[in-house]
Amino acid sequence: MTNIRKTHPLAKIINNTFIDLPTPSNISSWWNFGSLLGLCLIMQILTGLFLAMHYTPDTTTAFSSVTHICRDVNYGWLIRYLHANGASMFFICLYAHVGRALYYGSYTFQETWNIGILLLFTLMATAFVGYVLPWGQMSFWGATVITNLLSAIPYIGSTLVEWIWGGFSVDKATLTRFFAFHFILPFIILTLAVIHLLFLHETGSNNPTGIPSNTDKIPFHPYYTIKDTLGALILILTSLTLTLFTPDLLGDPDNYTPANPLNTPAHIKPEWYFLFAYAILRSIPNKLGGVLALLLSILVLAFIPMLHTSKQRSMMFRPFSQLLFWMLVADFLTLTWIGGQPVEHPYMLPGQLASILYFLLILVLMPTASLIENKLLKW
């Protein structure tokens with residue numbers, strides 16, 4: 001008798017995705033982040049669902065409802081902080097996942113890569129609207145500042161901003177619609193993630209060498225289910241450690257002050273995972289220019305497959321490209337640090353230089369290094 005997992009219509013899909021999937025035998029732990037992102041998404045949807053049961057999307061009660069969750073709901077504090085820190089874990093895994101794709105040339109899977117960029121944008125939108133929900137000072141002012149950026153769009157800017165706000169300022173209508181967006185977007189992310197996986201399984205996974213591995217494949221289960229389980233345990237342990245010992249480490253103290261439209265915080269900044277893009281936005285003195293640079297800081301990923309000039313797929317055997325890649329990582333961290341600092345003397349110039357370097361590395365230096373490496377192959 002044939003095994004039911006290979007014949008049953010539903011079980012067959014699961015089997016071909018997670019059990020009998022032919023996988024390269026040499027993929028490293030950098031390939032764990034895809035499954036970890038799936039785990040993060042499931043954790044966020046579950047904790048978010050329980051939070052939504054007690055949260056009220058109203059300007060007068062939103063802040064108190066979050067306090068009520070933390071004080072009066074059974075393990076509400078745990079659910080709330082798991083959700084808040086889960087977002088940080090999500091972005092750590094995401095940046096590692098994108099970094100790995102850049103390093104090993106996985107972006108040559110064009111469809112998978114493009115869906116990935118779409119996923120990144122959707123995730124950033126979800127995190128942004130979610131940060132507004134507790135209705136603290138940073139929630140309110142973050143929403144005001146970031147939505148206001150749309151007013152830089154010629155002709156329709158101001159109308160667009162008021163349309164998003166649902167009035168003439170960030171108010172009850174804004175909070176209600178942001179809650180609606182924050183509830184629906186994770187399910188859109190889930191759908192996109194399935195499509196992402198679907199496209200990936202059309203081609204099969206890449207591997208550290210970047211060389212086709214069709215002659216050397218092993219079943220996903222038990223080899224990579226074990227490997228992914230270890231990654232999952234490390235993720236859960238890190239998440240719990242962060243949540244139980246330093247729940248507010250990555251948050252902003254200003255968000256413990258209820259939103260007050262009459263009092264602007266000294267330094268408005270988003271959550272840490274947006275700081276690199278925020279630093280790029282602030283490094284340009286012109287409003288429209290800043291908004292375009294902010295958009296391009298993520299959209300630039302879409303140009304990477306077109307800028308792949310190397311004869312090799314992976315950076316494993318390309319020392320110049322490796323050096324530039326790690327420069328890009330250092331630049332990303334520098335931008336993240338500068339985005340969290342006030343716009344004043346020592347930070348402005350390094351921020352502008354780091355922003356220029358960010359685009360220069362991706363658009364000019366890395367493709368040029370690849371061409372030089374191609375020449376060196378002939379030596």
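Keep in mind that glycine also has a Cβ here, set from the backbone N, Cα and C atoms.
The annotation transmembrane segment is assigned in Swiss-Prot to 33-53, 77-98, 113-133, 178-198, 226-246, 288-308, 320-340, 347-367. Among the features that Swiss-Prot reports, heme b b562 binding site is placed at His83, His182. The heme b b566 binding site annotation in Swiss-Prot covers His97, His196. Taken from Swiss-Prot, the feature ubiquinone binding site covers His201, and the record attributes it to similarity to another entry.
The transmembrane segment (288-308) and the transmembrane segment (113-133) are in contact, since at least 3 Cβ pairs between them lie under 8 Å (pairs 6 or more apart in sequence). Here the transmembrane segment (226-246) does not touch the transmembrane segment (347-367). Their Cβ atoms form fewer than 3 pairs under 8 Å, with each pair 6 or more residues apart. Cβ-based neighbour count (10 Å, all protein chains) for His182 (heme b b562 binding site) stands at 22. When the binding-site residues His83, His97, His182 are ranked by how far their Cα is from the Cα of the residue listed as 'ubiquinone binding site', His97 comes first.
Panel annotation: around the transmembrane segment (320-340), residues 95, 99, 102-103, 269-270, 272, 274-280, 282, 310, 347, 350-351, 354-355, 357-358, 361-362, 365-366, 369-370, 372-373 of the same chain, lying at least six beyond its termini, place a Cβ under 8 Å from a Cβ of the stretch. Long-range contacts of the transmembrane segment (347-367) within the same chain, counting only residues at least 6 positions beyond its ends with a Cβ under 8 Å from a Cβ of the stretch, are 279-280, 282-284, 293, 296-297, 300, 303-304, 307-309, 321, 324-325, 327-328, 331-332, 334-335, 338-339, 341. Around the Cβ of His196 (heme b b566 binding site), the number of neighbouring Cβ atoms within 10 Å comes to 21.
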